[in-house]
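Undergrad: I have a structure here, written as structure tokens, and I will follow up with some questions on it.
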Amino acid sequence: MSLTSSSSVRVEWIAAVTIAAGTAAIGYLAYKRFYVKDHRNKAMINLHIQKDNPKIVHAFDMEDLGDKAVYCRCWRSKKFPFCDGAHTKHNEETGDNVGPLIIKKKET
């Protein structure tokens, strides 16, 4: 085997390894971007309400509701858990379409 053919094989080997490494890097970055999900939601919904609780739950007796009750679902209301219309500004800023939860007695 001459020096020229050995050198040629080495150049081909380096080129093949470079292409394989580049392809592997692009594949890894694509995998991380599209398939690996971060378990923490980067756009938190609840920004300031009862942050010391692991889960926020509000329960109401049906008898206490009266004829109609309107509850916040965007977590932006100053009267939380009741809706004050803050979702309108939230929807304009984010392009979201969230609205309140409205509970009313059935007409008999």
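Quick reminder: no glycine exception, Cβ is built from N, Cα and C everywhere.
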Undergrad: Among LYS32, LYS79, which is the one flagged in Swiss-Prot as ubiquitin cross-link?
TA: LYS79
Undergrad: Based on what Swiss-Prot says, identify which of LYS51, LYS89 is the ubiquitin cross-link one.
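TA: Out of LYS51, LYS89, Swiss-Prot attaches the ubiquitin cross-link annotation to LYS89.
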Undergrad: If you run the three-state DSSP split on LYS68 (ubiquitin cross-link), which class comes out?
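TA: SS state of LYS68 (ubiquitin cross-link) = strand.
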Undergrad: Measure from the Cβ of LYS68 (ubiquitin cross-link) and count the other Cβ atoms within 10 Å, all protein chains considered.
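TA: Total other Cβ atoms inside 10 Å, all chains included: 9.
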